[in-house]
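Structure, as structure tokens:
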Amino acid sequence: MPAYPREGKIIQIHSYKHNGTIHRIWQETVVLKGTSAYVIGGNDKTLVMEADGRTWVTREPAICFFHAKHWFNIIAMIREDGVYYYCNLSSPFVWDDEALKYIDYDLDIKVFPDMTYMLLDEDEYERHRREMNYPDVIDRILKNNVQKLIGWIQERKGPFAPEFIDKWYGVFQAYQK
């Protein structure tokens with residue numbers, strides 16, 4: 001069994017908190033590229049279930065990027081006025097045939113079409129760090145990965161490169177036909 005989902009497979013994405021509780025589930029994402037290092041997925045109008053049972057449906061197509069070594073994942077939301085990115089500071093992903101899974105560590109970076117960005121949820125991170133006793137090593141890793149992610153944004157690296165989204169959104173659209 002490979003440690004990653006195969007291309008074309010429709011998978012769920014499960015986000016957990018550090019204490020092991022479920023945080024959020026995305027019902028359907030099509031795998032556009034799956035390797036042991038990273039998974040690229042696409043979804044549109046997918047059902048999302050929150051930990052408290054509330055559900056909602058995503059509003060626009062999105063290309064998702066998960067890495068097996070970096071402590072973040074990146075969701076590019078394709079809107080009429082441009083591509084918006086939502087970056088979650090998280091554990092690297094794991095794949096177990098049930099779903100692609102990761103631990104959400106509260107800190108987020110929102111990136112706008114002009115590539116300006118905002119670090120979000122620092123208060124929530126500090127509160128959960130205390131409540132769930134995040135180890136100091138995790139705190140250091142996450143803070144280092146915030147800087148790495150900002151570097152990627154500034155350098156237009158990986159998912160932040162315009163050709164990345166153009167390519168993978170095209171692949172996703174081909175699966176939608």
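Cβ from N, Cα, C; glycine included.
Noted in Swiss-Prot for the protein shown:
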type	residues	note
ACT_SITE	Arg24	active site, proton donor
BINDING	Asn88, Asp104, Asp108	Mg(2+) 1 binding site
BINDING	Asp106, Asp108, Asp121, Glu124	Mg(2+) 2 binding site
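Mapped onto this structure are the features recorded in Swiss-Prot.
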{"residue": "Arg24", "record": "active site, proton donor", "contacts (Cβ under 8 Å, 6+ apart)": "His14, Ser15, Val48, Met49, Glu50, Ala51, Asp104"}
{"residue": "Asn88", "record": "Mg(2+) 1 binding site", "contacts (Cβ under 8 Å, 6+ apart)": "Ser15, Phe72, Asn73, Ile74, Ile75, Tyr102, Asp104, Tyr105, Leu107, Asp108"}
{"residue": "Asp106", "record": "Mg(2+) 2 binding site", "contacts (Cβ under 8 Å, 6+ apart)": "Leu89, Asp121, Glu124, Tyr125, His128"}
Where does Asp106 (Mg(2+) 2 binding site) sit in the DSSP three-state scheme?
-> strand
Once Asp106, Asp108, Asp121, Glu124 are set aside, which residues in the chain still have Cβ within 8 Å of the Cβ centroid of the Mg(2+) 2 site?
-> Leu89, Tyr105, Leu107, Leu120, Glu122, Asp123, Tyr125, His128
Within the same chain, and leaving aside Asn88, Asp104, Asp108, name every residue whose CB is within 8 angstroms of the centroid of the CB atoms belonging to the recorded Mg(2+) 1 site, in sequence order.
-> Ser15, Phe72, Asn73, Tyr86, Cys87, Leu89, Ser90, Tyr105, Asp106, Leu107, Asp121
Cβ packing number for Asp108 (Mg(2+) 1 binding site), 10 Å threshold | 20
In the structure shown, which of the binding-site residues Asp104, Glu124 has the fewest other Cβ atoms within 10 Å?
-> Glu124
DSSP three-state call for Asp121 (Mg(2+) 2 binding site): helix, strand or coil?
-> coil
What count of other C-beta atoms do you get within 10 angstroms of the C-beta of Asp121 (Mg(2+) 2 binding site), across all chains shown?
-> 17
